[in-house]
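TrEMBL has this to say about the protein:
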REGION    A:1-22  region 'Disordered'
COMPBIAS  A:1-15  compositional bias 'Polar residues'
TRANSMEM  A:40-61  transmembrane segment
TRANSMEM  A:67-85  transmembrane segment
TRANSMEM  A:92-109  transmembrane segment
TRANSMEM  A:115-136  transmembrane segment
TRANSMEM  A:148-168  transmembrane segment
TRANSMEM  A:174-198  transmembrane segment
TRANSMEM  A:236-254  transmembrane segment
TRANSMEM  A:266-298  transmembrane segment
TRANSMEM  A:305-329  transmembrane segment
Amino acid sequence: MNDQTSAGTASGQTRTGDKPARRPLSGAGIFFLRQREASILIAGILLVIYFQISSSAFLSGPNLGNLVQYSATTAIIAAGEVFVLVCGELDLSVGMVYALTPFVMFFAVSAGLPVWLAVILGLLAAAVVGLINGAVTTLLKVPSFVTTLGMLFLINGFTLTISGGFPVQPQAGAVFTGIFGANALALMAWAVVIALLFQFVLKKTRWGLHTVATGGNPHGAAEVGIKTKTIKTGNFVLCSVLGGLAGILDAFRIGSIDPLSGGTEIMFAAIASAVIGGTLLAGGVGTILGALLGALVLGILKDGFTLLGVSAYTFDMILGGAILVTMVINVRLTLLKERGGL
Amino acid sequence: MAEQSREVLRAEHISKSFGQVTALKDISMHLNRGEVLGLLGDNGAGKSTLMKIFTGFHQPTSGKLFLNGREVTLKSVAHGRQMGVECVYQDLALVNEINVYRNMFLQREPTRGGFLGILNDRAMRKAASEHLGRIGVNIPSVDAEVSKLSGGQRQAIAVARSVYQKSDLLLLDEPTAAMGAKESAQILDVIQRLREQGDMAIIIIAHNYAQVFDVCDRVNLVEGGKIVFDKPTAETSVQELTDLVVNEYRMARASVHEA
Ligand SMILES: Nc1ncnc2c1ncn2[C@@H]1O[C@H](COP(=O)(O)OP(=O)(O)O)[C@@H](O)[C@H]1O
Ligand SMILES: [Mg+2]
């Protein structure tokens with residue numbers, strides 16, 4: 001009997017219920033995320049219109065350049081932060097890696113190494129920080145909030161020590177400087193290419209899938225044999241390296257390596273971009289493109305308020321409020337998710 | 001099939017401690033191909049821990065493990081799978097945020113592009129959909145996110161995932177725990193079919209022994225990390241098992257009253 005019924009469906013598709021098959025429910029999930037990305041896009045466009053009406057300088061070339069410069073490096077860091085958040089962790093130290101990496105590059109060049117090698121050395125140093133973050137978090141079982149908070153202070157102190165607290169000038173040829181973000185277009189290209197690349201990695205590769213599984217169901221992921229510690233550590237390394245790259249790009253753009261640049265401000269901006277973009281702090285859900293849009297919205301806000309003559313203090317208050325509201329929504333969504341309603 | 005050994009599993013004097021807690025004490029058992037063993041016992045008796053030793057998730061503190069006649073020291077779940085052990089965990093090990101077909105292939109996804117590991121979604125979707133149809137699992141779509149499925153459907157996916165791998169030893173930890181009677185019957189149906197095919201040995205952990213009794217060849221009762229009862233189903237009955245469990249319960253109550 002059973003054999004007959006199963007033979008009947010063997011070559012066919014999954015049997016559908018008595019009711020007509022509902023369209024793919026995951027479609028709803030994807031739609032939600034798309035919608036999330038779309039709603040940020042719309043918010044961004046509305047803000048642009050508002051600021052353009054308030055100040056005709058908003059859509060001018062130089063101003064857009066400013067905007068891109070602010071958003072691009074934040075978006076690059078946010079891409080790394082999304083991976084860390086999706087696998088269920090948090091990296092607070094990335095802003096300090098952003099400040100440290102160009103110094104490592106600078107000292108390597110001063111020691112007579114070619115620039116390209118110096119860049120690689122800088123990124124390697126960043127990777128080592130990520131590796132330590134990952135090892136302490138996964139092997140010693142210290143919550144990543146604590147691990148990376150400690151690392152934040154450690155790296156900051158280290159950077160200030162090796163630099164003596166003074167900025168220096170990066171040295172490289174014009175071509176190299178051009179590629180590494182001396183102009184806004186190059187910088188935006190870096191951000192967009194990185195966002196597209198890592199969106200693909202997150203959604204279409206084994207690494208991305210295992211990152212989602214590790215954050216979505218840590219225990220279950222381990223039970224099916226996913227090396228969750230490796231996944232987490234790898235994502236800490238990825239986040240650090242992207243933080244380091246962002247630091248190098250900004251060093252060339254600004255033409256100065258400042259030990260006080262980046263830090264907690266750019267780290268918070270990156271996490272805020274990720275969260276505004278639809279990444280859940282609870283892990284398992286995130287999008288890189290959303291984070292890119294989130295970074296753009298933050299950039300538009302910052303830039304627009306500057307044009308309107310809103311003081312930096314007021315801006316911080318508005319920004320803080322906006323982030324709080326987004327976080328509240330985020331937490332509500334997380335609760336929904338835990339109840340299986342999402 | 002001819003050269004496959006008859007005895008799939010043999011465990012000799014397995015013990016397991018977690019620090020101060022001794023979860024298993026001197027467990028010995030064996031299981032042949034085509035046999036289904038029902039593993040009964042109270043909460044905390046050590047059933048899940050024993051399963052996780054067979055899968056390679058835990059390593060025993062002492063004792064020996066033989067698979068297909070050869071002694072093995074399983075280093076990891078991946079190693080256990082290589083040796084032909086599959087498991088449906090009590091907590092299912094499904095990821096809610098991921099769709100059905102990707103869950104079905106989690107950790108052994110077909111990929112392209114070598115080390116890049118680009119997922120072959122098309123192959124997964126097709127294979128998952130055919131396999132679920134074949135064993136008669138009923139879900140709206142393999143594209144559905146697992147969070148959108150009922151408890152029974154999730155359980156069915158988890159069982160289907162394990163059955164898909166042609167394993168020698170299939171371990172099911174409370175496979176009908178989250179289900180209604182009708183859904184349970186569907187899972188037990190799948191198990192019965194696997195039993196008739198006779199290619200693998202199966203261990204079912206169950207609270208509801210009356211439910212699984214019919215598909216088992218043998219029943220073991222675990223108590224305090226030891227096997228205290230071992231009989232073929234032909235020589236016992238649901239009634240005898242009930243008496244055993246009631247007895248255990250009375251003793252537990254008595255000891256609570258004494259204390
Ligand atoms: N990872 C672990 N660490 C410490 N103790 C554990 C662990 N896993 C199980 N135990 C303990 O071992 C005993 C048996 O648990 P378990 O095998 O889950 O029982 P069962 O599945 O029969 O309900 C329990 O006392 C439990 O608390
Ligand atoms: Mg259990």
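Along the chain as shown, the residues are counted starting at 1.
Each Cβ is built from the backbone N, Cα and C atoms, and glycine gets one as well.
In TrEMBL, annotation is done automatically, which means it is predicted and not curated.
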Original post:
Looking at the transmembrane segment (A:40-61) and the transmembrane segment (A:115-136), are there 3+ C-beta pairs under 8 A, with each pair at least 6 apart in sequence?
Top reply: no
**OP:** Give the one range among A:92-109, A:148-168, A:236-254, A:266-298, A:305-329 whose Cβ atoms make the most pairs under 8 Å with those of the transmembrane segment (A:174-198).
**Re:** A:236-254
Original post:
Quick one: do the transmembrane segment (A:67-85) and the transmembrane segment (A:305-329) reach 3+ CB pairs under 8 Å, ignoring pairs fewer than 6 apart in sequence?
Top reply: no
**OP:** Please check if the transmembrane segment (A:148-168) comes into contact with the transmembrane segment (A:115-136), where contact means 3 or more CB pairs closer than 8 Å and the residues in each pair are separated by 6 or more positions.
**Re:** yes
Original post:
the transmembrane segment (A:92-109): which same-chain residues, six or more beyond its ends, come within Cβ distance under 8 Å?
Top reply: 73, 77, 80-81, 115, 117-119, 121-123, 125-126, 129-130, 133, 145, 148-149, 151-152, 154-156, 158-159, 162-163, 168, 170-172, 239-240, 242-248, 250-251, 257-268, 270
